[in-house]
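Trainee: Have a look at this one before I ask anything.
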Amino acid sequence: MSAAIIDGKRAAEHLRAEIGRHVVRLREQHLVTPGLAVILVGEDPASQVYVRNKARQAREAAMASFEYRLPYSVPQEKVLELIERLNDDPAVHGILVQLPLPPQVDADRVINAIRPDKDIDGFHPVNAGALATGGDGMVPCTPLGCLMLLKHRLGDLAGLRAVVLGRSNIVGKPMAALLLRESCTVTVAHSKTRDLADECRRADILVAAVGRPRMVPGDWIKPGATVIDVGINRIDTPDGKGRLVGDVVFDSAVEVAGAITPVPGGVGPMTIACLLLNTLEAACRQHGLPVPQGLMEAAWG
Ligand SMILES: Nc1nc2c(c(=O)[nH]1)N[C@@H](CN(C=O)c1ccc(C(=O)N[C@@H](CCC(=O)O)C(=O)O)cc1)CN2
Ligand SMILES: [Mg+2]
């Protein structure tokens, strides 16, 4: 039996179209245009592609997009100065600093400098704390996208056993907090976890976010489980072109799982769609307007 393929690319297209409709309404009714500022330091080819896609998709959703490109050698103070300026700019509702950053720039210092209500990545400790304690803050985009795909596929998640593989601040920890908020029984597994395969085999929901190409084989997966593959790993191929693979061995997992996200075309596109959703939400909050609810449900009809 072959698993259902969870089409994140299509879901993201629907969500972005729905966001665009809300943005147009916001401008018509309240004269507010959500503004997204993206800061890229250096010339990492993948980061350049992601930043370009973020800016283009923001414009396609009728938002204002502001791009800042700083040289790889930029001193940390210059990055912090730019963030200060954007914090005070009323046309900017969301600020994002593309990661990774060069070694002389401390990512924590930079993230902590962003005004929490403009932190559309949801990485600021105020937002991380809100998520951990059941508060109402910005939720990191990749885990939010994963949750949307899971809820669309499974409906109510309460009582399901979820294993999150990976404990990063960007994906693993917020993913675990979101699943806990949905009343899943959550295990966070990582490089020091004993019997990793057994832990994974207990999962109704398996979220793989370790950044190790094809680490999870099909025989680690419970038959019928829903598998969310967050990994985006570029591997070499004999033709020299290389290709993207996830953290899961797709070909064997697809034979066991009930549903699975592909790489590419699964979680990745949802990350950027959720970034636009957070920017819309930030703009509404900053203007004292109600935050649109249920956009994903509406997008899917
Ligand atoms: N400040 C941030 N930095 C980074 C984040 C983040 O959420 N905030 N996440 C990643 C990179 N990222 C967004 O920034 C991102 C990665 C991948 C995709 C995506 O759509 N991937 C496609 C494949 C693209 C390709 O061919 O290379 C897919 O999976 O289908 C979107 C966003 C690290 N940095
Ligand atoms: Mg941030």
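Cβ atoms here come from the backbone N, Cα and C positions, even for glycine.
Annotations in TrEMBL come from automatic prediction, not curation.
What you see is a predicted model, and the numbers here were worked out from it, not measured in a lab.
When I checked TrEMBL for this same protein, it listed these features:
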- G166, R167, S168, I232: NADP(+) binding site (BINDING)
- 6-121: domain 'Tetrahydrofolate dehydrogenase/cyclohydrolase catalytic' (DOMAIN)
- 140-286: domain 'Tetrahydrofolate dehydrogenase/cyclohydrolase NAD(P)-binding' (DOMAIN)
Trainee: Go through the binding-site residues G166, R167, S168 and pull out the ones with a Cβ less than 6 angstroms from some atom of ligand 1.
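Mentor: Once distances to ligand 1 are taken from each Cβ, none falls under 6 Å.
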Trainee: Identify which of the binding-site residues G166, S168, I232 has its Cβ surrounded by the largest number of other Cβ atoms within 10 Å, counting every protein chain shown.
Mentor: G166
Trainee: What are the DSSP helix, strand and coil residue counts for the domain 'Tetrahydrofolate dehydrogenase/cyclohydrolase catalytic' (6-121)?
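Mentor: Looking at the domain 'Tetrahydrofolate dehydrogenase/cyclohydrolase catalytic' (6-121) with DSSP, the answer is 61 helix, 19 strand, 36 coil.
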Trainee: By DSSP assignment, list the helix, strand and coil residue numbers for the domain 'Tetrahydrofolate dehydrogenase/cyclohydrolase NAD(P)-binding' (140-286), in that order.
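Mentor: Result for the domain 'Tetrahydrofolate dehydrogenase/cyclohydrolase NAD(P)-binding' (140-286), in helix, strand, coil order: 57 helix, 28 strand, 62 coil.
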Trainee: Max Cα distance spanning G166, R167, S168, I232 (NADP(+) binders), Å?
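Mentor: Largest pairwise Cα separation, rounded: 16 Å.
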Trainee: Sort out the sequence-distant neighbours of R167 (NADP(+) binding site) for me: same chain, 6+ apart, CB within less than 8 Å of its CB, listed by position.
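Mentor: K173, V188, H190 - these are the non-local Cβ neighbours of R167 (NADP(+) binding site), listed in sequence order.
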Trainee: Give, as a single whole number between 0 and 100, the mean pLDDT over the domain 'Tetrahydrofolate dehydrogenase/cyclohydrolase catalytic' (6-121).
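Mentor: Within the domain 'Tetrahydrofolate dehydrogenase/cyclohydrolase catalytic' (6-121), the model's average pLDDT equals 98.
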